[in-house]
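Visitor: Can you keep this structure in mind? I'll have questions shortly.
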Amino acid sequence: MKTRAKPVWRLVLSFIALRSCAAFYLPGLAPVSFCEEGTSGDECQSTIQLFVNRLDSVESVLPYEYDVFDFCQDAEEKRPSENLGQVLFGERIETSPYKENNSIKWASRWDYILVSMPHTNIQWFSIMNSLVIVLFLSGMVAMIMLRTLHKDIARYNQVDQEEAQEESGWKQVHGDVFRPPRKGMLLSVFLGQGTQIFIMTFTTLFLACLGFLSPANRGALMTCAVVLWVLLGTPAGYVSARLYKTFGGEKWKTNVLLTALLCPGIVFADFFLMNLILWVEGSSAAIPFGTLVAILALWFGISMPLTFIGAYFGFKKPSLEQPVRTNQIPRQIPEQSFFTKPIPGIIMGGILPFGCIFIQLFFILNSIWSHQMYYMFGFLFLVFIILLITCSEATILLCYFHLCAEDYHWWWRSFLTSGFTAVYLFIYAVHYFFSKLQIVGAASTILYFGYTMIMVLIFFLFTGTIGFFACFWFVNKIYSVVKVD
């Protein structure tokens with residue numbers, strides 16, 4: 001009898017536990033139930049409270065508060081609490097005098113926005129176009145890795161090396177390919193910041209795809225990105241310090257200070273100047289002084305100490321081991337053809353990655369400057385992965401061609417090759433300004449290009465870091481499988 005009672009008690013306890021559980025929804029996705037007026041009950045509301053955020057114009061990028069022109073004002077003037085992202089975007093939420101007793105089934109709450117947005121057919125065309133580019137680059141890389149490199153390695157590893165030594169090729173620069181680059185301090189700082197931006201972007205887009213950053217929760221995307229950037233100071237400091245030590249650097253204090261201050265300082269200075277213009281123009285997008293102090297507190301109080309912690313562990317680690325030794329005397333680089341010279345190669349390297357993102361970039365710019373709601377995070381995350389693959393493969397291809405031409409200066413070139421995609425982004429932003437927008441006035445023009453420069457700098461560090469680490473892996477891989485005397 002005792003053995004039969006245990007399952008019964010377990011079943012009773014299970015029912016009790018189920019009754020005590022509470023359901024939860026993902027942030028931004030919790031539905032609100034409404035019912036007809038006069039219906040009693042605490043689980044539904046009879047009146048839909050409408051809110052307003054700001055006034056925008058196609059001729060200006062300066063947003064203003066909804067009641068700045070003394071019309072459609074609410075007598076109660078209640079202001080809901082705003083998150084950091086809403087403040088940074090100038091979303092000043094206020095109550096509205098409009099009353100609605102009908103605003104709609106939960107599943108249909110975004111229909112009025114989706115109807116006004118472009119159809120997803122263009123998005124699928126963009127994805128297919130990007131996939132064709134990825135397949136082309138993947139085929140080229142596969143051909144090099146499986147055929148050309150396989151034959152080269154087999155020839156170089158022959159017992160009789162006399163003929164191979166007389167030939168030209170990427171093996172001939174094995175004693176110089178890992179020679180530390182010039183201005184290694186600056187390169188390591190850029191790579192540390194690029195790593196921080198890459199992890200921040202990936203995590204933000206991944207959470208957006210899962211529904212944690214719903215468009216219903218305005219400002220959630222920006223808030224998540226800022227918080228993640230602050231908390232990711234540790235990997236930035238670690239990567240920068242470890243690479244700087246590998247380059248033979250010894251000024252570790254300067255390295256960690258530049259990692260924590262250089263690129264964030266440029267962004268903050270630009271942002272502060274733009275905020276002064278917004279404040280002079282009386283725009284609702286002007287950031288309050290208290291918010292600026294809070295941003296500085298996050299930067300100097302959290303991000304910078306985390307960067308120092310990451311740099312400490314990075315310098316404690318040994319330098320990255322190279323598969324071949326470096327000669328004491330640098331090898332003379334032969335005269336290069338036009339296509340293997342640095343500048344033409346860098347310019348060509350950014351074309352294909354930009355071709356994968358320019359359609360998606362159009363929708364992003366529309367959401368920022370043409371006041372359209374952006375909700376296609378699934379497409380954006382897929383384009384992010386395609387951009388990652390394209391930058392890596394394009395940089396590896398050009399790196400291989402340059403090494404075959406016996407040019408061993410690949411450190412900065414790998415970073416700038418994929419980072420040059422940001423230059424095409426800037427050119428497209430200029431084209432978008434003159435062809436799509438109707439902006440007039442000096443203040444709006446300065447604001448547009450000021451914020452665009454922040455976007456370009458972040459994208460430059462992001463794409464450059466992708467290309468560098470892809471090339472770093474490729475060079476280590478091919479020189480680790482050849483026999484070197």
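Positions of Cβ are set from backbone N, Cα and C atoms, glycine also.
From TrEMBL, here are the annotated features:
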type	residues	note
SIGNAL	1-23	signal peptide
TRANSMEM	124-146	transmembrane segment
TRANSMEM	189-213	transmembrane segment
TRANSMEM	219-244	transmembrane segment
TRANSMEM	256-280	transmembrane segment
TRANSMEM	292-315	transmembrane segment
TRANSMEM	346-369	transmembrane segment
TRANSMEM	375-403	transmembrane segment
TRANSMEM	415-434	transmembrane segment
TRANSMEM	446-475	transmembrane segment
Visitor: For the transmembrane segment (219-244), give me same-chain residues lying six or more residues beyond its boundaries with a C-beta closer than 8 angstroms to one of its C-beta atoms, as numbers and ranges.
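Guide: Non-local partners: 27-28, 82-89, 91, 184-185, 187-189, 191-193, 195-197, 199-201, 203-204, 207-208, 212-213, 252, 255-256, 259-260, 295, 298-299, 302-315, 317, 319-320.
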Visitor: Tell me whether the transmembrane segment (446-475) sits in contact with the transmembrane segment (124-146), defined here as at least 3 Cβ pairs under 8 Å among residues 6 or more apart in sequence.
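Guide: No, the transmembrane segment (446-475) does not contact the transmembrane segment (124-146).
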Visitor: Based on Cβ pairs under 8 Å, which of the stretches 124-146, 256-280, 415-434 lies most in contact with the transmembrane segment (189-213)?
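Guide: The stretch with the most close Cβ contacts to the transmembrane segment (189-213) is 256-280.
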Visitor: Who are the long-range neighbours of the transmembrane segment (375-403) in its own chain, taking Cβ under 8 Å and residues 6 or more past its ends?
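Guide: Result: 110, 113-114, 117, 120, 123, 126-127, 130-131, 133-134, 137-138, 140-141, 144, 170, 173, 177, 201-202, 205-206, 208-209, 213, 215, 339-340, 345, 348-349, 352-353, 356-357, 360, 363-364, 409-410, 413-414, 417-418, 421, 463, 466-468, 470-471, 474-475.
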